[in-house]
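Have a look at the structure below before the remarks.
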Amino acid sequence: MTDTTSSTPFVEGRAEQRLNGAIARFNRWPSAPRTVLVVASCVLGAMLLLGIISAPLDLYSQCLFAAVCFLAVLVLRKIPGRLAILALVVLSLVASLRYMFWRLTSTLGFETWVDMFFGYGLVAAEFYALIVLIFGYVQTAWPLRRTPVWLKTEPEEWPTVDVFIPTYNEALSIVKLTIFAAQAMDWPKDKLRVHVLDDGRRDDFREFCRKVGVNYIRRDNNFHAKAGNLNEALKVTDGEYIALFDADHVPTRSFLQVSLGWFLKDPKLAMLQTPHFFFSPDPFEKNLDTFRAVPNEGELFYGLVQDGNDLWNATFFCGSCAVIRREPLLEIGGVAVETVTEDAHTALKLNRLGYNTAYLAIPQAAGLATESLSRHINQRIRWARGMAQIFRTDNPLLGKGLKWGQRICYANAMLHFFYGLPRLVFLTAPLAYLIFGAEIFHASALMIVAYVLPHLVHSSLTNSRIQGRFRHSFWNEVYETVLAWYILPPVLVALVNPKAGGFNVTDKGGIIDKQFFDWKLARPYLVLLAVNLIGLGFGIHQLIWGDASTAVTVAINLTWTLYNLIITSAAVAVASEARQVRSEPRVSAKLPVSIICADGRVLDGTTQDFSQNGFGLMLSDGHSITQGERVQLVLSRNGQDSLFDARVVFSKGAQIGAQFEALSLRQQSELVRLTFSRADTWAASWGAGQPDTPLAALREVGSIGIGGLFTLGRATLHELRLALSRTPTKPLDTLMDKP
């Protein structure tokens, strides 16, 4: 476990302060008595837990026990601090383990092979979910919340840094933002070298790098994709540290000063990761119109999971927005090339050799999210395949060099991508009873409710409290439903043959000129929606005209099916691609700006948003500017003004849109320094969403699901109209009777 006292963790109250102090004193004990005490405590705790989860209770007693635990949860949720979270975790584990013990010992008396097939399939999926739940609590219950260590030495003593910007097929208009921002980082210029690693071997990139003064590196092949590109650059550079940025990840000027302090404090630190923050919406946010309103898919990982990994010294390298110490990286043979998720595998290798990895939850760079659902799915397929490859070839639960906390964190990251089959099981399990009459639970309906409800409610409320602003309840099911069908085959193939499959590059940038429904990608969601609708029909029929003695069982399965319909309908909604007409995403920001008009007037205003093509502005004092007028925009930093020629392309009262005229390379670099590279550009948006409330989140997902059904209806009508318009009509004479 990482020393929490040295990293100044976030403290929420006196109880946490006392606990942190006790942990620090305990860590100073000699190793032998400390180990004995830990082992003895674990054994006693396990015995107590086993007694609680295995205690046989009748229906009344189980309901009473569940009610008492639920009341305790309601009280604990109102208590601030992480000790209350730990108590919630304990109650959740009790409820879930009691359920699983009862499930394995009292509900598996299947009578037919159909019951056995569906019943054991569901149990296997539930067991997987329980393991992921337990490992997830270990990861996230006590995030470290590391804070920066500021550099205390003079700049002349700071280490040398090589900045690697690997690129393959990204447009120069995207990559140049990252290049300009890397050059603008606050670091001694004689100790900072920027390298563009071009696996696309493009001459215009070479010429651009020559003009702006950065090093251009290309190789003759693309062996091992990104990992091979980075390793080739390691051979021709010599900086003490390497800062890595994907081609579309634009660093702030404070990136190195915020990140390097920990390396100078901890000589065993090999890698420090910062969040991947995105200034454009991902396909879920774009297609569902939830950008900045609902936490996106990645916010849980970068907002909470990585912070939790940091407590156990198990921070993952994520391929970008990170700093690596050169010496340990060379010691493990460079960036890992055995799998397609070279980043996570590299971190695992570093941890196995005893090096530390760290996470700093302060966004110091931002990039483009995948624009379309198809690109998003392709990216997740690569991640899933790579994690399965690591699990198969370098399993963190086996081998030397890792502590148990590290093993759990790495294993859970890999097991997470195995959700494809369990998610499909959960989405179809109630249909086994409603359609086929299979008894997947060999127990009374009321006993099922008495054990299942506490398990589900406790896990939902506990995760809601832990995840807070980084993941709203029920959205995990939506994300998994969209991806489950697509990640299942590559995961299974990678487990059987880890060498199968190649590295697919995630395309970034581009426009979607019209809205359309992606019927091809939506096929799995439509199938799931259809079979659940069929199951709903069967269930309603049984509820009205079936045996009254099975009414409660039918009602339980109908409720489950209705929930699955909400989730699958939301997945259908994601498949409706919204338009994206801007080639350059706009970033919301309020910056003071002066506008010099053609007639000599100087007006004050504030930016509303910006891109590399222009500004959205709000003029002060009720002024206005005519559309089409040419102006100069003045931005200031540290008392120095920078002027940019622009033309007003939109004007409505005090609100105007200004598009830049042709800017020189120096002006483009200065614009990036004054906008994207500002130290505080992304901090205000980090974790700023509304805290999760399960009922509100259910309404949220439910409304999206209803919208998905309407979207499907409109898309179906549109396809019918197109089909009818393409139907050829026969000339009148072909319809006449012939003699």
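Even glycines carry a Cβ here, placed using N, Cα and C.
For reference, Swiss-Prot has these:
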- Asp199: active site (ACT_SITE)
- Asp343: active site (ACT_SITE)
- Asp246, Asp248: substrate binding site (BINDING)
- 580-677: domain 'PilZ' (DOMAIN)
- 36-55: transmembrane segment (TRANSMEM)
- 59-76: transmembrane segment (TRANSMEM)
- 83-101: transmembrane segment (TRANSMEM)
- 116-138: transmembrane segment (TRANSMEM)
- 417-436: transmembrane segment (TRANSMEM)
- 440-462: transmembrane segment (TRANSMEM)
- 524-546: transmembrane segment (TRANSMEM)
- 551-573: transmembrane segment (TRANSMEM)
### Query
If you count Cβ atoms within 10 Å of the Cβ of Asp248 (substrate binding site), leaving out that atom itself, what do you get?
25
#### Entry: Summary of DSSP states over the domain 'PilZ' (580-677), given as helix, strand and coil counts
10 helix, 50 strand, 38 coil
### Chain residues in Cβ proximity to the transmembrane segment (36-55) (below 8 Å; excluding those fewer than six residues from its ends, i.e. six or more beyond)
29, 93-94, 97-98, 101
### Query
Which stretch from 83-101, 116-138, 440-462, 524-546, 551-573 shares the most C-beta pairs under 8 Å with the transmembrane segment (59-76)?
440-462
#### Entry: Result, the transmembrane segment (440-462) in contact with the transmembrane segment (116-138) (3+ CB pairs under 8 Å)
yes
### Task
Sort the recorded positions Asp199, Asp246, Asp248 by C-alpha distance from Asp343 (active site) and give me just the closest.
Asp246
### Query
Which bits of the chain, at least 6 residues beyond where the transmembrane segment (83-101) starts or stops, bring a Cβ under 8 A of a Cβ in it?
15-16, 19, 49, 52-54, 66, 69, 72-73, 76-77, 126-127, 130, 133-134, 137, 141-142, 451-452, 454-455, 457-459, 461-462, 465-466
### Message
If you count CB neighbours within 10 Å, which one among the recorded positions Asp199, Asp246, Asp343 has the smallest count?
### Response
Asp199
#### Entry: C-alpha spacing of Asp246 (substrate binding site) relative to Asp199 (active site), in angstrom
13
